[in-house]
């Protein structure tokens, strides 16, 4: 009977940090981000909330599937949910580093570590629940684009690099 509470909780969780990151840094987007040199293939600002809503929903539901298949937060869940939690923390840390601190060096280091943890999460989940792993594929695709975008912004805006 209470499984729907867990399903909703796990599905909503990633949105919490994503929303907070946007809310706390929303004024920096027009004030600073719009002035950065960006590549022609940079997605429109309107794409980001739509994409992240879908990606966070898929990722959150996938984490529920893994948690459920492992029977909760027992010893078998430490690595797969630990990797997930670590990558989610780095995901949530990126907007404050990039927009809030305007620190392109730290944002780049963050997203490169995030990529490794997200790939590790997918690999660990694949053995537990293939659907959960497949639900992470759009996220990894978007992360690849976001990483390339971060690298290009980092390279093309040398005056913006914070130490």
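From the backbone N, Cα and C atoms, a Cβ is placed for every residue, glycine too.
Predicted, not measured: the structure shown is a model, and the values here were computed from it.
Looking at the stretches 26-45, 46-65, the one that TrEMBL records under the feature transmembrane segment is 46-65. Range 6-25 is the one annotated as transmembrane segment, of 6-25, 66-85 (source: TrEMBL). Remote same-chain residues near the transmembrane segment (6-25) are listed as 49, 52-53, 56-57, 59-61, 63-64, 67-68, 88-89, 91-92, 94-96, 99-100 (criterion: CB distance under 8 Å, separation of at least six residues from the stretch ends).
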